[in-house]
Each structure stands twice: as C-alpha cells, then as structure tokens.
Amino acid sequence: MKLAGLKSIENAHDESVWAATWIPATETRPALLLTGSLDETVKLWKPDELTLERTNAGHCLGVVSVAAHPSGSIAASASLDSFVRVFDVDSNASIATLEAPPSEVWQMQFDPKGTTLAVAGGGSASVQLWDTEKWKLIATLSIPRQEGPKPSDKNSSKKFVLSVGWSPDGKRVACGSMDGTISVFDVARAKFLHHLEGHFMPVRSLVYSPADPRVLFSASDDAHVHMYDAEGKSMIAAMSGHASWVLSVDASPDGAAIATGSSDKTVRLWDLSMRAAVQTMSNHVDQVWGVKFRPPGGPGPRAGRLASVSDDKSLSLYDYS
Amino acid sequence: MAYVYIPVQNSEEEVRVALDQLPRDASDILDILKAEQAPLDLWLIIAREYFKQGKLDQFRQILEEGSSHEIDEYYADVRYERIAILNALGAYYSYLGKVETKQREKEEYFIQATKHYNKASRIDMHEPSTWVGKGQLLLAKGEVEQASAAFRIVLEGDRDNVSALLGQACVEYSRGHYGESLTLFKRALQVYPDCPGAVRLGIGHCHYKLGHVGKACLAFQRVLQLDPENVEALVSLAILDLQTNEAAAIRKGMEKMQRAFEIYPYCAMALNYLANHFFFTGQHFLVEQLTETALAVTNHGPTKSHSYYNLARSYHSKGDYETASRYYWASVKEINKPSEFVFPYYGLGQVQLKLGEIKNALSNFEKVLEVYPDNCETLKVLGHIYVQLGQTEKAQEFLRKAAKIDPRDAQAFLDLGELLISTDTGAALDAFKTARSLLKKGGEEVPIEVLNNIAVIHFEREELELALQNFKEALGDGIWLTFLEGKANTYEVDATSSLLQYKDMQIFRRLEEEGHSVELSWNKVTTLFNLARLLEQLHNTETASTLYRLILYKYPDYVDAYLRLAAIAKARNNLPLSIELVNEALTVNDKCPNALSMLGDLELKNDDWVKAKETFRAASEATDGKDSYATLSLGNWNYFAAIRNEKRNPKLEATHLEKAKELYTRVLVQHTANLYAANGAGVVLAEKGHFDVSKDLFTQVQEAASGSIFVQMPDVWINLAHVYFAQGNFALAVKMYQNCLQKFFYNTDSQILLYLARTHYEAEQWQDCKRTLLRAIHLTPSNYTLRFDAGVAMQKFSASTLQKTKRTVDEVRSTVDELENAVRLFSQLSAASNLYFNGFDEKKINTHVEYCKHLLEAAIVHREAAEREEQQNRQRLDLARQMALAEEARRKAEEQRKFQLERRKQEDELKRVRQQEEHFERVKEQWKSSTSSSKRRDRADIDDGEGGHGEKRRRKGGKRRKKEKSSRSRYEMEEADMMDDHDEPEDDDANVNFREPGYQMNDQDDNVEENAQDVLAAAGLEDSDADDDAAAPSSAGRRKRAWSESDEDEISERKPQSSLLRENSADLQDSDGEFRDKRQENAAVDDED
C-alpha cells in the first residue's frame, strides 16, 4: 500500500484550489478531474498528464465545492455566493442553477445512484436534497435544535453544516458541523437518527467506507481522523498524526486505506488494518484542501489514482497501489 | 645477678650493691658514694641502672649530685667521668625536650641540656662525646646545620666515631640526602658490626626512601633476626607488606602489625595502621580505641594527625558529621602544610559540604587541589560546589578539566553534562553521549537518567527522531511498546462516552485480563511522561494520551499527566472533559498552582470571567504571589476587561489598563526576562498610543522568542504587525501578518486573515482585501461578520472605482459584478438575520443593501455609458484612421488627377486629331462612347462605397473596400472626403451630448453617495463606515483570539515538558519549578484599537 507521485501542475489555477473531485469515466472518455478555485473558475483535467480540458467561468467569489454525478455526464459546482451550478460535463451546457436561501452551500455529494444531490447548508443547520431529474428541492434534513434556555447565537452557529456524505447503499446521509458533531439521517424517511460525538472542532469532510456501509470517516480541525460505526453510534478509532486541521478525507475504492489532506501541507495515506499513517506526501507548500481517489470503471489505465489540491494553486496526481 | 662493688675508703673492703636491688631512695646510695668517695664511674653506673629501671627521679638525683660543685672540686682531676655525667644529663634533658609537647617546657629542657653540655665542654673542649651529645641536642631542636657541624667536628677527630656517624646519618636523612645517609649508616655498621638494630633500621629506612624496597625489607628482617621483638622493624616490614597492595601481603602485614602491637601496645604507628585496618573492616569501636591510645602515646604531629584522621573517618562513616568535623579539624591542626598529609582536608571538606558550610568546604578542597592539581574527584567536587554557589563558569572549568584528565571517567562527563544542560545544550549533549559510550564500553548499564537527558536535549533541539530513539532505549521493554507499535487491540467505545475518552482506563484492565503485565517501575515514569510529550510534539496524540493514562493508571497522583491530558482535550476543544481532568488534578492537590492556572484559562475560554479571575487569584495565592503565570493571567484579565465592552467606559478602561500594567510590571521586576510580561507591557503601551516604545519592546520579545521549540509566541508577531499598521506602514504589517500565519498557524487563523484584510482595506487594496476575506470565510464559514466585511469591501471598491475620473469599461464592468455580489451577500445576511441571531442589525444591513442597490443602478448606467463611450472612442479612432487614409487617398488622387490631366491633354490632342479624323472615321467615335460607359460604372461603385461607409461603424471591412476603390477614381474620393468632413462635426456633437449626461450622472452619483451616507450616518454609521465595520468585528474576534488556543494551550503543553524533561531524578520537584516558566506562556494578545 503506497502512493507514488505521478504529476504535479503548478499554478493550475490563478488562486488557491479549494475543491476537487473525479468525474467518472463514460463510454467515450476516461475519468476527468474537476477542480474549483478561489479564482472563480472550475477546470477539467485529463489524467494522467493532467492536460487542461476546459475552464468554466461563471462563478462569483470562490468555488468551495464540486461534485460529480455517478454517470459521469453531469457535474455541480458551488461557490461562496451560495449558488450551485449544474452543468453537462461534455458540452459545458448549463443544466440548472440551484439556490435555497437563506442556506449557503458548502460540501455537496450525489447519491450513489445519482438520483439525489445532497448539499450541506451551512448556517441553516440542514442538508438540502435536490432531485436530479427536475432539479427540485425534495427534502431538507434539519438537525434538531438543542433544547436550551435560549436558542442563542452560539448554538445555531455551532450546528453550521459544513460537510456531507452518502452511505454507499444510499440509505443514509451524514453531515458534519462546526461544533464537531456528526448527524446521521435516514434518507427514505427524511428523519434525523442520531449524533456521533467525539470531535469538538469543525468537521470539514466526511466519507463512508465503500466496503462497509456502517463505517464512516470524519476529518476535523482537531487534527484527528475518527472512524465511526455510524449505525452503532460508536467510535471505532481515533487517528492522530496531522499537525493541524484535517481538511479532507477520502476512502480508497478497495476500502483498505484512506487518504487525508491537512493544513499542515501534507497528504497522508492511512492503512486501516494498522489504523496508522503509513505514508506522508509533502509536495504541497500550503494547506491541502482536497484529496480524492479516482472511482473504478471506464476505459483507460486501471491503476488507482489519488488527486490532491492545495492553497498553493497546484494539483498533484499520485499512483495508489 | 649483677653487682657493683663500692670500695670502702681506706680499706680493702668493698660494699656490694646488687644492681637489681637498688634502694628505692637514692639518698641511701648517695650517702654511701659520698661517704666512701667512690670513683665517679660508679656513680654513673648506678645512675644508668636507675634509668634502666625507669626510676628517673633517682637517676637524675644521682647525676645532679654527681655534677654538683662539691664533686667538681673534689674530683677536679677526674675529667672524663665528670664529662660523662654531664653528658648523660644533657642527653636526658635533650630527650625530655624532644618528647615534650608544650613549647615552653620543651625550651626549658633544651636550655637545661645545653647548660650541661656547655659545662662538659668547659671541662674538655675536645671531648667527642660532648660534641655528639650537642649534635643530638641540635638535631632534636631541628637545627640540622649546626648539628651537622657538631657531628663533623667529631668525625674530623675520629672518622670512625660510631655515634657521630649515626648522628650525621640522621642529619643527612632529615635533609633528604638518603644516599649519603645510607653510606654513613653502612660505615657505622662496618666500624661497629655489633651495633644495635637501630642502625640497620636506619639502613632500611634509607633504602625504603631510595625506593629499594627489597633491600629495605632485608634490612628490617635482619633487625628482626637480631631482635625479634623490635617493634619498629616489625611495623616497617608491615607497612612494606601493606604497600604491596596484595591481599595476601596485606594480611601478612596486618599480622605483623598485630605482633608489634602485642609486643609493644603503645607504638602509635602500629596503632594507626591497625585502626586504619579496622576502619576498612568496619569495626569502628576498635578504631576509636586504637586511635585514642595512639593519641595518648604519641606527641609526634604527623602521627597524631593520622590518628585524628582515622577517628574522624570513623565518625564520618557513621554519619556523625559534627564529631567527624571536630576530629578532622584536630587532624588538620597537627599538619603544618597540606602537602604533608592531605586526606583530612578532603574529609573535612566532605563533612562541611554535608553540614552546609560550602565556603569552608571550598577552601579545603582547594587546598587538596593545590597538592593534587589533577585529582579528578577533587575537581568534580569543586565543580559541584561552584554550581551550588552559582558560579557556573568556574564549575564548568573544573568539570571540563576533570573530564579532560580522565577521559574515561563517565561520572565526570555526566556531571559536566548536567551542568551544561541549562547553558549549552550542545556541549551537554556531547558530554552525555561520551558518558553513555564510556558506560557502554565498560559494560555497565547506562542509567535511565542519562538516556532520558540525552533524549530531552535532542527534543529541545528539535531532533525529534533521535529523541524518540533515546527515550525508547531508556525505557527498554514494557507494555508501552505495545502502544507505540500500535499493537494493542483497540476496541469500540460508545460514541457518546467517547466524550470521556481521555479518562478511560478500560484498555489497561483489558490488557491485564488478556494476560499482559501492565507494569511501570517508578524510575521510568518521568521518561515515559517525556516520551508522551514527544509523541504529542510528533502529533501522535492518541498514543501520547494512552501513555499518560498508563502513568495515571499506575500512579494516580501524577498531576502533570492529568494536566497534559487536559491540555490535549483542550487542544481538541473538548472543554468539559478538560475541566474535569483539571479537577481530578486538583483533587490530588487542591493547591497545585498549575492546575489552578489551567482551570482559570479554561474558565476564560468558557467565557466565565468572574470565576476565572477568582481561580487566577487562588493560583497566585497558592504560590504566595511568586508565580508569574497567575500574575500575568490577572494582568491579561484586566487588559481584556478594559477593551471588553463595545461601548467603552473610559474611566473603567483606564483603571483596568493601569492595573494590567502594574501586574505586568510586577512580573517583570521578579523575572526580568519574562517574555510574556514584556509583551503585555508592550500591549498596554501601544494601547496608550506609545507606538515607538511598544515597537521596541515587541521587537525584542520577538527576537528572544525565536529559536526554541518550547517558546511559541505568535502574539508578539501580531502585536508588532498591529503597531506597523497603526503607524501606517501597511506593507510591513501585511508581511508580518502573513509570516505569522505561516509560521504559527498553518495559514488557518481567520482572525489574522481579518487583520490582514483590514490592512489591505486601509491601504485601499480592495481586491486583496476581498480575497483575504474570502479565504477567511472559507476557513470559518460560520463567521457571518466576515461576509459582512467582504460585502463592505466590495461596496467600497465599487464606490471608489465609480469616483475615479478615468476608468476603463472593464473596471466599471467588474464594479457592477462586485456590486451584485455585495447586494447578494448583504441580502443573504439580511435574510439570515431573520432566522438566526448573528449579531447584525437588520436595519443596518438593509441600509447597506439599499446603498449597494443605488450604487448598482448608478453603476449600470455608468457601465452603459462607459460602454457607449468606449464604442464612440473606437469610432473616433476609426475615423482618425480613415482621415489618415483619406489624406493618403487625396494625395494619390491628386497625382492621378495630374496624370489624368496629362492624359486628358493627350486625349484632347488625340481628340483634336480624332475630331480631325472624326469626320473621316465613325468607327473611332464608337470607342469614345465606350469610355463614358465605363465611367458610369465607376459611379455605381462609389455609391456602393458610400453604403459601406455608412455601415463602417459596425464593420471595419468597409474601409478596406473603400481604400481599394478610392485608388480608382478621384471623383469617388472627393465625395468620400466630403462625407468625412461632414461626419466629423456630427461626431463631435454626439460626443458632447453623450458626455453631458455622463457628467450629470456622475453628479447624480455623488448625490446618491451623499444621500446614502446621510442615511448611514443616521443609522449610526459614520462616514468611514466601512472602516468601523471592519474594525468592530475584528475587535470582537480579537478577544476570542486572545484566549484562543495558541496561547494557553502551550502554557500547559509545551512548558511543562521542558521542565520535566530536564531533571529526571528530581522530576516532580523540578517540574513544579519549571511550570513557572510555562506559565508565562500566557499571552496577552494584541491589538490595535
């Protein structure tokens, strides 16, 4: 289990790169890497040479997250102005612009079947679910407010939702908040199930294990990665090693490893059997905002790939084997 | 039975006196001797007999009687006997003088002796025995040269005079000329082979001194053959045996000593040696008895000194330092020069060290060092004394020398290392490493302390991997390896109970159940703690926490481990757990100032101001106000209290600031090098507007704070940046903020980004400002204030662009975009403020929204205007180009006209010719008509050209066409010129018209802005509204920052270690001490406003 650097693009964007995801391969083309940046653009890159396929403008303020539909034909990007732009990957034609005021938009993810887009709704303390056929809002999963003498400022800003993740069976959505709590929802009933506790600082990234729909990984500003049994409400392990905030976490398609990106400028690979970091990549010179494993399937080389993007305006591609 | 026969006067009879039955009263004999006028030699014999029997009084009585005046007169002619009697008396007094210890009586005896010898000399100047006696006397008096002269007189007369030979031998011996002494002794022996053993003793001593141990031994043995009871020979032989340093020989030596003791129990030398022996065998009772006897029987200084020394040693080893000290003193007093016998000085020094008389000890050890300048032990002891006296440099000098002299003395290197650890870690590390390799080479186990110290130094020097290795080596095998290698079976915990994960001890119970032994020996606790600290530094927090818990599992009173766990929990923002852990620490020791200080910090973080203040007070009291951390915390408390209120009460503010300053100053007085206090003082000064002074302070603090892994002071960087900012040095401020962000916060601190944005704002770098704010929003999405600020920045940017007299269309376009963003941001905030409390006045936001919308409307008009203007500009440019082209064309047309004129002339000519011919040929007329038709075609082209011209505003293509055509015909050109001329004035007009509305719009703009500002003013925003807005949130956030992570955290995190690390052996105590430093951590944070 190791990572080997393949290619890095310096100045891939004019400003910090804040988001990255892989657009799955289609019958006509291989998987593409989609990146979003503070420079208000979204770019498409073709592996392994990372040649720039296209630059999409049209966002105001920085692009904070990007998401790709499992079919590989549709992608979404969201920026600080709280608009979600949905576009056709191959033609760049705009499909929809989503907005659900007063929620702002942070992390987004399509469900595994591609029927729903989940959007972390920031200060609204909720996750919005959008239907991907008609692009209508179908549900708002709200975190129940804690009972207290006064529903003051603090509580609401604490439940600010930053991150969202679908379970591989599509039955659950988990979202992470500024106060470190993770909330788990039953999608079918649009119902809040329970909290997962353990973090006390913002949870910026969440991912379910592709191998086990119960296992959830969370990355937090407390420099830890937690591994939860999301159904049993229990914490399986807490993994430390990063020197600063853990900004992004992704699980490898084989389910044996996870990768994390951190403010400490490193990308780490964690062996889940040892529950320890087995490799640290330090090729970035500023915070690493996104790490993403390439999903399996499609034509082209079959080897595992991991991409990372950073505040240093660069993106890097690694071979994962 | 020996008899003396005293002849009876005037008869043949004799009186028989049995020598062993001499009467007790010497007067009886004297009466007989006098009555019978016995020869003087009889007097002498009887006196000697009395002497032999120890009846000294009788002996003296007879001799004194025998040297009285009457006798002198009576026996005037018997010279030799009279001299012999006088000499005997002289010798007697010499002996008394020699033996007497009291100075006055000693001199008295010597005077007596001198008197008698002089008297003898008066009888016969040349009597050798008198000279010999005088020589002996002088020898006894220590006047070696004169003694030698006396002996030489005798020897000149009779070179074989045995007594003189022996005397001279003694002289040479005491002069240290052992060779000469030896020859003299040998001559005496040759002359008088039957001489007493003493001569052979002398030979033995000479040989001994000359280093001929074998010969010395033979000589002593010969003495013993002659006189098996000769104590001196026995003792000498015993000493020789002892000095061989072999167990068997020593045993033999001691046997001889014992025999000597049995033969003559009062030989001080033998007693001392025996005492020495029993000291080593630990029979202190015997030591005391023997030495006391020795002291009683000898008056010989060095021997007494030796005895006292033995006695002192005995008490010393029994721990009775007072008595030991007394006897050492006595021993020292018997010594003239330390070089004679240096041991008691050493012993005295040791005892004085024990009794705390460091200065006295110092002088004694220095005396030892004078004698043995290369003695490692002494050097080391002196080194330690200087450490205790605080003279580190001298101490280092001694320890270095010790280590140099014996480069294989691990202990010296250890001492040196420990000494250097606080001043020069590099050198200390080298020393420790040398010690370690020496110990390893010697096959000894390296003490855990040494490895711990090496590791700690590596830790301090940020060589973390090396530190880890050494800690592991120090700890050896144990349960911790399981955790370090991550082999322990983790088990799931309920996520809700994971709240308490750092208190969980289940893991150890499970391990025990699984049959692992969970052991932790006491001497490894500190090292384990340090290792855990290192793991924290390596960000392996989980393992670190397990190790701390292991310590607590075994040693539940280890307060520092609680505090570290609390610090870890705090770093992860788990405040309830952190508080609980601190409280556990307080149940162990409710006065623990560190725990109290930490609790205070936590309470502040929880916004529990009053409680925090009380806790800090308690911490301060727990240390009698000597604890700078608590004082600093109180100072900080006051500072924040001063700037806490949005609406400041100037009076209260001043009081708090004054109090804060007083507290900081108090700390500075106690610890002049306290960075945190200096920083705090700088903050207060800056608060009062003394930027230059505070800048100096901050710069110094910053310099001092760099270069240690345990001192992290981002605050001072921020403060320095604030000062630059306040002084208008924006570029430097930006640099400072950025460096600080990178160096200390991994670029994650949105508060500093806010400062940075504000600096950009003041410097009117709007885009940088906006971008910085967007980054900050990205880092702390829930901080809506940042969104508001971003909106303000965009608004300000737009307003300032619109106010510019010269601006490009792109600028205006981006202005419109920014305004749209601003409107969106403000509207979102406005909408959000309905739902959540985010600190904004809805009215205020709406004012901004309104203003931005106004601006936006204006801007859109501007944009259109600008776009139009741009179009027109383009047109004008086109026209200018066309004019130039037309000019060119006209010139060409002119040429053409000339050419055509020529041609026409030719044509005319031709015409004339043709007209002349016309009449003749009609065919030719037909040609003429064909030319005119071609002209008409040209004309049509010109029309086309005009059409193209009309379109040219949109199409450039027309121009080219025209150009082609223009070259064709002059008419066309002329017309085109006309058109152009006509166009231009029109254009001008249009421009004027356009421009005027443009100006109006600008005016309008200004009005709008003025109006808007009026509105804003009404809404409580002053003109520089944006500034205030940016500043207000920043001050709000600032407070938070002040108590945020970095500061207090390190308080407990970094510092404690540094302390603990240092002294393994004295860990707990030390850690307490060092906690003080750590406490200084607390930092006052910043601020400008």
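These residue numbers are counts, starting from 1, taken along the chain as shown.
Positions of Cβ are set from backbone N, Cα and C atoms, glycine also.
TrEMBL does not curate its annotations; it predicts them automatically.
Per-residue pLDDT, averaged over the repeat 'TPR' (B:197-230), rounds to 76. Marked as repeat 'TPR' by TrEMBL: B:197-230 (among others).
According to TrEMBL, the feature repeat 'TPR' maps to B:342-375 (among others). Among residues of the same chain six or more beyond the repeat 'TPR' (B:342-375), those with a C-beta under 8 A of the stretch's C-beta atoms are 305, 308-309, 312-313, 316, 321-322, 324-325, 328-329, 331-332, 335, 381-382, 385, 388-389, 405.
Here TrEMBL flags B:376-409 (among others) as repeat 'TPR'. For the repeat 'TPR' (B:376-409), the residues of the chain that approach it from at least six positions outside its boundaries are 346, 349-350, 353, 358, 361-362, 365-366, 368-369, 415-416, 419-420, 423, 431, 434, 438, judged by C-beta separation under 8 angstroms.
Under the heading repeat 'TPR', TrEMBL lists B:714-747 (among others). With DSSP states grouped into helix (H, G, I), strand (E, B) and coil, the repeat 'TPR' (B:714-747) comes out at 29 helix, 0 strand, 5 coil.
Annotation comment: TrEMBL describes B:897-1089 as region 'Disordered'.
The annotation compositional bias 'Basic and acidic residues' is assigned in TrEMBL to B:897-927 (among others).
The annotation compositional bias 'Basic and acidic residues' is assigned in TrEMBL to B:938-950 (among others).
Annotated compositional bias 'Polar residues' per TrEMBL: B:1057-1068, in sequence order.
Sequence-distant contacts of the repeat 'TPR' (B:197-230) (same chain, at least 6 residues past either end, Cβ-Cβ under 8 Å): 166, 169-170, 173, 178-179, 181-182, 185-186, 188-189, 236-237, 240, 263-264.
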